[in-house]
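According to TrEMBL:
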type: DOMAIN; residues: 9-332; note: domain 'Kinesin motor'
type: BINDING; residues: GLY86, GLN87, THR88, GLY89, SER90, GLY91, LYS92, THR93; note: ATP binding site
type: COILED; residues: 347-552; note: coiled coil
Amino acid sequence: MDASSKKVPIKTVARVRPCSDGTNLQSSLIIDSKNSIITVKSRNKEFPLDNVFDENATQEKIYDTIAQPIVDEVLGGKNGTIFAYGQTGSGKTYTMNGNKVNGKNRGIIVRSVESIFEYLNARLKKDLQFKFSIKCSYIEVYKKRAFDLLQTDGAAVEIQSSGEKIIIEGAAEFVVTSVDGCLRHFQNGWNNRKTASTSMNRESSRSHAIFMLTLVTEEINGTFVNLRTSRLNFVDLAGSENQKHTKNTGERLKEAGCINQDLFFLLNIIRDLGYAKNGAFIPYRNCSLTHLLRDSLGGNSIAAVIVTIHSNLEFVNDTISTLMFAENCKKVKNEVKVNEAVSTKDVEAWKAEIQRVQKDKSSLMEENQKLLKENQQLKEQMEKRQKEDANIILILQNEKKMLEAESVKNAQEVNEEKQKLQTQISLLENNVAEQKQQITASEKRQKKASELESSLMEKIQQLYDEKEQMEKRQKEYEALLEKTVAEQNEQINALEKSQKEASESQLAQMINEYDLKIKKVMDDLKKSNERCEEMKHEKDNALQKIEDELCKYKLLVALLEKTVAEQKEQKANEKVVVVEAEVQTDQTENGSDDKTIHELPEENPKLLDSTRSCNLADVIVNGEIDYELLNGKVLLVKRLDFVTKWSVWNPGQGWIDISFEHSGFQIAPHELTLTNHQNLSSVLNRIINSDLKYLELSRMTIPFSDYKKLTGNKISSLRLNDVIVNDENGIKVGIDKLWKEVKNVKDLTHEFNDREAMSEIAQKLVELAPFPNLKYLYLMNVQDGFDLQAFYQFLIKNTTVYCALSCSTKSFKQMKEIQKELPKLPTRRGSYFTGIFHIAEY
């Protein structure tokens with residue numbers, strides 16, 4: 001170990017979050033903040049730590065106790081690291097980030113940045129020769145690979161080591177000169193981080209994130225320049241996940257497996273550091289996370305670990321695992337030193353310094369001779385004292401035997417702890433195996449769903465083809481109608497000429513007859529137009545319902561084959577309603593009738609300024625959008641979608657990708673579908689909703705202000721699927737307020753997926769007044785205890801609503817038995833289902 005360095009143990013701190021709603025509210029812990037001890041009641045086991053904070057601890061207290069001392073050391077030239085570790089949903093991200101940049105809920109990162117700039121700016125005012133620079137970078141480890149969060153394309157980076165120094169190849173590093181500039185880069189990186197919704201956390205982190213600040217200070221002292229370089233790491237680890245609690249499937253399950261594997265390697269490194277001897281090999285390179293944090297684990301860094309835990313009895317096993325991790329961290333000691341380099345101001349000053357040192361060396365040589373003489377005298381005195389120390393040695397040997405006995409006892413305790421860790425490792429391996437099996441099953445279900453989606457898309461394409469045929473027949477009808485009117489005008493002119501010499505009464509009578517005939521033709525034409533509009537509306541509804549079926553395939557897997565068969569039978573029986581225009585003329589030679597059958601054209605949407613607007617066909621070049629042609633224009637499209645990326649529908653080509661990174665255009669869709677969009681506000685001003693008639697929001701959280709902007713143009717059809725709308729204070733907006741905002745919508749569909757709050761949602765629906773524009777209502781993942789008898793009050797008040805409940809196998813049987821005892825509800829014809837209420841099993 002370097003003479004200037006010293007060993008410092010990792011500081012371990014626990015923070016307990018309040019009991020979660022919807023879980024077992026019984027606490028499993030006894031919290032002794034005064035003595036910094038947490039006791040697990042069910043195991044009667046104590047965990048002593050450096051600090052323990054209960055659920056009432058403020059963000060300020062957490063920062064002052066843990067982070068501020070490390071920030072002070074970093075300002076003095078030492079490296080520092082602050083970890084946040086714990087089960088998913090236990091409050092790690094809240095502790096590190098907080099929920100606001102300003103205010104009392106600011107997290108450790110925001111407060112640290114403010115403290116660093118406050119100190120450096122104050123020092124700069126006092127010492128004009130003092131200089132400093134700060135750089136920031138932001139790295140995430142996702143699925144065992146490292147990515148740069150400060151680059152918009154999320155470029156992958158390589159982690160390399162040069163001696164004891166860690167180098168991140170390809171990572172962007174930005175110089176920051178103010179608190180706002182630093183936090184702006186931090187927020188941009190956070191927005192690029194991988195997050196997703198799970199049953200325990202709606203915005204669960206799916207990666208490990210490390211925000212790094214590098215500080216360089218320069219201080220001039222006479223002819224010497226003192227350079228100090230230090231780094232401060234903020235490590236927000238992804239939460240450990242138990243599949244039993246999160247219910248993850250598909251991609252979420254794969255992410256959970258990678259997260260747990262990284263945390264398993266991290267646990268092994270910390271355990272090895274706690275028990276390894278000096279110089280022992282530590283396998284940092286086993287994963288990207290431990291390789292990146294090499295300096296923070298047993299290296300040159302002052303470190304603190306904040307473990308966040310649930311107090312609920314339901315999560316007691318995960319809580320014990322987290323506290324054991326904290327115990328192991330206490331055993332790790334880092335070798336901390338000041339990172340500084342001293343240089344001279346110029347060469348002449350350096351030469352003068354050498355001469356001064358040489359003079360000092362001569363005087364030191366003389367002083368050394370004196371010390372040699374004194375040393376000889378001390379040796380003689382030591383020989384005398386050795387005899388006196390013989391008795392002391394005997395006493396020390398007896399104490400050594402006692403310590404050896406205690407060492408044997410401690411070794412037994414270490415072996416017991418090792419057995420416990422091996423048991424925990426076995427449980428983790430079993431959990432990983434179960435997750436792999438579930439991933440395989442999930443991939444099979446996704447393949448089946450993909451085949452189903454392809455089949456439905458073919459049916460949609462057939463309907464679009466039928467629409468084109470109808471438009472073609474409409475144009476033919478218009479041409480023939482114009483021809484018929486022209487012939488009538490010619491006949492009227494001929495009649496006027498031939499009857500010019502007849503009496504005025506006969507001429508008036510004949511004109512009246514033709515007026516009646518023309519009126520009859522116009523009345524028939526008007527009725528035909530009205531019927532054509534009805535056919536168009538019915539056809540659009542059919543297309544919309546087929547798209548709704550595609551979004552609801554999870555609910556209707558068991559009923560899908562029957563539904564498709566009913567649709568085919570319904571389409572086979574439907575006949576194209578024709579418009580028959582009969583024009584009878586008494587002056588034709590053969591007296592025959594002229595009957596023509598056509599359809600009217602579909603009403604065109606309201607266009608914007610023709611000098612700025614353009615169609616999709618105007619900007620397509622080689623199958624892709626040419627953004628130079630689109631620059632400064634408003635693009636008119638039939639449909640705009642977002643699932644994993646933005647795309648627009650081109651009838652002749654299918655779906656075409658479109659990017660809002662090109663800032664020179666706006667888009668005006670007729671239909672808009674948004675699924676799992678994370679930052680809608682950034683592109684909302686680019687979307688013109690003047691022609692928007694159909695809107696679908698699915699599996700996303702949006703501000704109430706954005707919701708009002710999207711629905712403010714009196715759209716005719718709205719679909720809400722597992723959507724959360726928050727007000728300006730982040731509080732969830734109620735159902736009544738959402739529906740009231742869109743009271744003019746003709747067709748409203750609402751789907752709820754929150755299994756934990758389904759009974760509460762049903763109770764709120766019962767309390768609401770009837771909403772006549774609500775057409776479809778879906779309650780997914782209904783669990784035991786759902787009060788179906790009370791929910792019937794909602795169905796009785798809203799007789800025009802089609803409602804479906806998705807239940808587990810056990811709940812499905814119970815619901816069916818209860819339904820038999822309830823009064824029969826009225827049925828509705830002409831839709832996909834004959835009844836207004838349906839219970840399905842998932």
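Glycine is treated like the rest: Cβ placed from N, Cα and C.
Of all Cβ atoms in the shown protein chains, 25 besides its own fall within 10 Å of the Cβ of LYS92 (ATP binding site). Around THR88 (ATP binding site), a 10 Å sphere centred on its CB holds 24 further CB atoms from the protein chains shown.
Looking only at the binding-site residues GLY86, GLY89, GLY91, the densest Cβ neighbourhood within 10 Å occurs at GLY86. Applying an 8 A CB threshold to same-chain residues 6+ apart, the list for SER90 (ATP binding site) reads ARG17, GLY239, THR308, ILE309, HIS310, THR322. Looking just at the domain 'Kinesin motor' (9-332), the mean pLDDT is 85. With a 10 A radius on its CB, THR93 (ATP binding site) counts 24 other CB atoms from all the protein chains.
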